[in-house]
Every structure is written in C-alpha cells, then in structure tokens.
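S.K.: Below is a structure I'd like to ask you about.
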Amino acid sequence: MPDTAPTAARARLADARLYLCTDARRSQGDLPEFLDAVLAGGVDIVQLRDKGMEAAEELEHLAVFADACARHGKLLAVNDRADVAHAARADVLHLGQGDLPVPAARAILGDDVLIGRSTHAESEAAAAAAQEGVDYFCTGPCWPTPTKPGRHAPGLDLVRRTAALGTDRPWFAIGGIDLGNLDEVLEAGARRVVVVRAITAAEDPGAAAAEFARRLRQAPAHG
C-alpha cells in the first residue's frame, strides 16, 4: 500500500473530492508523466481501469501507479479484483454491482483496504450508504458515457436523491462529468466526482485536474 496507514487512508478518503479513472496510457506511452501531472493537479484518488488486461500486466502498471501515489500522498484504487488489489497493496478496491460481494472481498483484504461500490439506482445508493464494510460509493451515470456503453443514465435526479439520503459516508457522482456540466452536478448536491475523459483526453490533463479540484474545493461543504 502506498505509504498510508489505514486510519490515514480513511482520512484521505473523507477529504477526497476528485477521483480519476484512467487506463494505462499504453497508446500515449506517458503513464508516469501523466500520473505526476494529474496527482500534482489535485486528483485525490486514481484508479486503473483497463478492461481485458491480464493480471500480471495490470500489476506491472499498478507498480507505476503506486509509486506516483506514494510520492504525492494520494490513494491508489484497483477495479473489480480483490486478488489484484491485495497483490498491488492498493489503498482502495472498487466493486460494481455484479462483482465480488463485499464480505468476500473483506475476507481476502481484511479491514485495511477501503472498499467502494457502484450504484445506479436510489435503492442501490441507499444500500451502499448503510452496508457494513463499504467505505464509499459512486452514483450515476449522470450522463451517457462511452466508458459504459449501453448503460442507462439515471441522470442528475439520482444525484439529488442520493444527496437527500443525508449519509455521512463519502459518495461520488459519476458518468459524463466535465468542466462544462460540473456546476449542474454540484447544484444537484454532489460534492465529490469521478472523472474519466474530461481529464484523460484533455490537452493539458494536469491543468484540467487543477480546475476540477479548485471548483470542487470552492463548493459549499454540505452534501
């Protein structure tokens, strides 16, 4: 695990506002430089999400992520696989609705790794807000996104309903969020967001991350 004790990792999660999902930048060939730029810019949590990658290759790339997160004091997340999260000594495991059940993931990882859930309906958000062993959850998609082709986007109404739960558990809005619609997401009640293309495809990813971070930090603290 990048140099964070469990208590420190949970404190960082509580303070987190900007969560980035990115592939391994194989086509660009700039992964170390990209990670340094976005983490310095204000990304709090970074997740490697590169579907179809074999575990051995994923671990190789995660070593680069872990090094960058350790240097910048940020959280490293692994998508879907508890075994890979354990081997990579990640701070965070993120689980979708169809992935390994949380108790099974906890049996593999123990209590030291943070676990997040994806939610796509108010009932799922309410369950994640209350479920033992869950540390945070994501709610959306706010808008249709090519990252999840064919998935219905419940929209900002789900963000409003999630905000109305009044949970103290950290939660992030996700799905098609960019700098052009961020204010709508904030007005709906979110105070944390997951971003993909608005940073990964930006001309200057570090500057894009910094602008997201600035606007999120300036938003009122409720939500």
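Every residue, even glycine, has its Cβ placed from backbone N, Cα and C.
Copied straight from Swiss-Prot:
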BINDING   Q47, L48, R49, D50, K51, N79, S118, K148  4-amino-2-methyl-5-(diphosphooxymethyl)pyrimidine binding site
BINDING   D80, D99  Mg(2+) binding site
S.K.: Which secondary structure state does DSSP assign to N79 (4-amino-2-methyl-5-(diphosphooxymethyl)pyrimidine binding site), in the simple three-class scheme?
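M.R.: SS state of N79 (4-amino-2-methyl-5-(diphosphooxymethyl)pyrimidine binding site) = strand.
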S.K.: Return one of helix, strand or coil for S118 (4-amino-2-methyl-5-(diphosphooxymethyl)pyrimidine binding site), based on DSSP.
M.R.: strand
S.K.: Does DSSP give K51 (4-amino-2-methyl-5-(diphosphooxymethyl)pyrimidine binding site) helix, strand or coil?
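M.R.: Coil, per DSSP.
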S.K.: To the nearest whole angstrom, what is the C-alpha distance linking D80 (Mg(2+) binding site) and L48 (4-amino-2-methyl-5-(diphosphooxymethyl)pyrimidine binding site)?
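M.R.: So the alpha carbons of D80 (Mg(2+) binding site) and L48 (4-amino-2-methyl-5-(diphosphooxymethyl)pyrimidine binding site) sit roughly 10 Å from each other.
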S.K.: Measure the Cβ-based neighbour count of L48 (4-amino-2-methyl-5-(diphosphooxymethyl)pyrimidine binding site), defined as the other Cβ atoms within 10 Å of its Cβ.
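M.R.: Result for L48 (4-amino-2-methyl-5-(diphosphooxymethyl)pyrimidine binding site): 24 neighbouring Cβ atoms inside 10 Å.
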S.K.: Compile a sequence-ordered list of residues in the same chain as S118 (4-amino-2-methyl-5-(diphosphooxymethyl)pyrimidine binding site), six or more apart from it, whose Cβ lies below 8 A from its Cβ; state 'none' when nothing qualifies.
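M.R.: Result: H94, L95, G96, Q97, F137, C138, I174.
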